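According to TrEMBL, the feature domain 'Cation/H+ exchanger transmembrane' maps to 197-576. Per TrEMBL, region 'Disordered' is recorded for 1-88. Marked as transmembrane segment by TrEMBL: 154-173, 185-204, 263-288, 294-317, 329-356, 362-385, 397-416, 428-447, 459-478, 484-507, 559-580.
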Amino acid sequence: MPGNDDGVISNEPKRRVSIITDPVMESRMGHDNLGFEPNTKRKISQHSSHSEDGPVRRKSNLHHSHNVDSAAVNSYEQRVNGEVNRTKKQSFSEEVLAKINQEYETGQQNAHIEQSWIYSLCMRCRVEYSTPSWEPPGWQKVCPYPLCPPYRQFARIISIILIGLLLWTTAYVIIGDSAAPGGQLFQLAVLTVAANFGGFLISLTTLPRLIGMLLVGLLFQNVGWVNLDGEFTKVTAELRKFALVIILTRAGLEMDPKAFKKVYVTILKLGLIPWTVEFVLIGVLTHYLLDLPWIWAMMLGSIISAVSPAVVVPCLFRLRTKGYGVVKGIPTLIIAVAGIDDAASVAVFGIISSIMFTQQGLAFQIAQAPVCVLGGLGFGIFWGFLCKYVPEKGDAYVVPIRTLMLFGGGLLAVFGSEKIHFEGAGPLGVVFAAFTASCFWCGEGWDLEDNPVSTAFEIFWMIFEPILFGITGASIKIRELDPHMVAIGTGCIYVCIIVRIAVTVGIAFGDKLNVKEKIFVAISWMSKATVQAALGPVALKAVASQHRSEEEKHYAELVKNFCILSIILSAPLGALLISISGTKLLKKTKPMLEPPEGWRRSHRPSLHDISIIDEEEEREDIEGIADEDTAANTLSNAQSASVFTVTKF
């Protein structure tokens, strides 16, 4: 039976956390960045002022304390024993020099290095492993700690590069010139790799990775390093749809019906009312200030009003691990509402775009809304129910087959609904298919927070995130931007953000949130990114494919640029405000989140953590409560021990 070092048997069930059999834990020092927040339990050196979790590591090759002159040690031992034998008289300068060298060799060098920016940068970039790993002989001499990555991390990077080269070679043999250097497919591959690297660099500043990806795409386009126009726009449009399916599937897998039943009033109230206000306000402002027709203005409003989980989740997780807002489940509440917000945006956008771009009669247009809603719900429930029985739950390959079933069903919903001109039904069907399947799988014993299918979709998102934001940034041509649109758009975006914050604070009554917490919740929903990047260029592609008028092409271009402008203006600012205001507006309690085990997907909090509705009494200081309980238990144990001693004697 499994036990711990104290002899206590652990009855906790094993967690299904990975699509592989052997769990591997990476002590990641941050969410977006694998090396962001140093842990604080294992000492790096004898003179370090901090420490880290993890297995004991051999001392760095930079530590040369074993080279200390043995004559100095012998001289000290002779003084202790009263036998002072000075074999060689040293001058004053030689003694000072020897002392400096000794201090330097016994650890002063490590202390100096740990205070340097090079050391900090290396620690941010490293990934520490808690499982045994193999290193080639002499690896520490060639790549000393911490200036170089561990061999496992280095080998992983090399393997990814080799896989990329193999795929490119295969594509070049099959496709030809497009995959050759200078071809559009080759440019897309280079853009994706560069966007991923740019996202990593930005994550070192605690900003979301997508900002770096967007900036890399913007740089490549305006410097002339990439050209994705012409026939290749069809490829980028389809890639956006793949990314949209992944985004919506992950949102559906996060929903928990039992938790929603508990706090559905708060989730729906905070999710739909501020979204509706921003949706209407964007439509009104862009209609009167940018001369957009009402239907175009409303479509733009449905896109802009969506919140970006890609920005919100990493920032909230960092706050949650430090204990901010965990008593009332505020980080979890924000993430849950963001999912409802995105689902509403995608559904309304699909209905409006179906009405706009259909070539059928008036009756067909009127039927768009109810058919899209009912059709999307019906397909989602049917496909989710099918995923319960196909494959059979005891199948050895149940995880990959369920993953492919859900992903294939999502692609069928999006592309199929577009084919029959009911585009609004597809995204809604993707969300409800994932939600329905997750309900059945959790009923069979899978944990909502450790769903291995969600792990697989996180891997999919790791691949498609740089593609999506790279090509989104590459669609911006600074020379062609209208300064009037940029100025008006900036004003509209910030006005709508301020109004949404005010509305959220105003309607958050009855939820046992104080004023500071209400302000933080409202600020957290100002970031735009994922939905805007996926849906912004859709109208332009539809207009180009149907050969609409130049005026409609201008409207579609304006919608795309407005969406990208909203990402640039709100995503970095939102991430900074969440990180800064969270420590000021939320109450800090003892961190209650344990380090993740195995390949955890995104460390997203569970909806079961939300406690602001049925909380009988607000817990002001959980640290004090924990300390009192500990003291009481200690006193009780001491009394029990004394009684046992008396009885024994």
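Backbone N, Cα and C define each Cβ position, glycine as well.
Residues 15-16, 245, 248-253, 255-257, 343, 346-347, 350, 372-373, 375-377, 379-381, 383-385, 387-388, 393, 402, 406, 409-410, 413-414, 417, 453 of the same chain lie 6 or more positions beyond the ends of the transmembrane segment (428-447) yet place their CB under 8 Å from a CB of it.
Nonlocal intrachain contacts for the transmembrane segment (459-478), taken as residues 6+ away from its ends with a CB within less than 8 angstroms of a stretch CB, comprise 188, 191-196, 199, 209-210, 213-222, 226, 228, 236, 239-240, 242-243, 246-247, 250, 310, 407, 529-530, 533-534, 536-537, 560-561, 564, 567.
Between the transmembrane segment (185-204) and the transmembrane segment (154-173) there are 3 or more Cβ pairs closer than 8 Å, counting only residues 6 or more apart in sequence, so the two stretches are in contact.
With a cut-off of 8 Å between Cβ atoms, the residues of this chain six or more beyond the transmembrane segment (263-288) that come close are 294, 297-298, 300-302, 304-306, 333, 336-338, 340-341, 344-345, 348, 492, 495-496, 499-500, 503-504, 507-508, 511, 521-522, 525, 562, 607, 610, 612-613. Simply put, out of 329-356, 362-385, 397-416, 329-356 has the most Cβ pairs sitting under 8 Å from the transmembrane segment (294-317). Same-chain residues lying 6 or more positions outside the transmembrane segment (559-580) and placing a CB less than 8 Å from one of its CB atoms are 206-208, 210-211, 214, 286, 296, 299-300, 303-304, 308, 311-312, 314-316, 318-319, 472-473, 475-476, 481-482, 485-486, 489-490, 493-494, 497, 520, 523-524, 526-529, 532-533, 535-537, 539-540.
Here the transmembrane segment (397-416) has Cβ contacts under 8 Å with residues 19, 241-242, 244-246, 248-249, 376, 379-380, 383, 386-387, 390-391, 425-427, 429-430, 433-434, 437, 441, 452-453, 456-457, 460 of the same chain, all six or more residues outside its ends. Counting only same-chain residues 6+ beyond the ends of the transmembrane segment (362-385), those with a CB under 8 A from a CB of the stretch are 347, 350-351, 354-355, 406, 409, 413, 417, 421-440.
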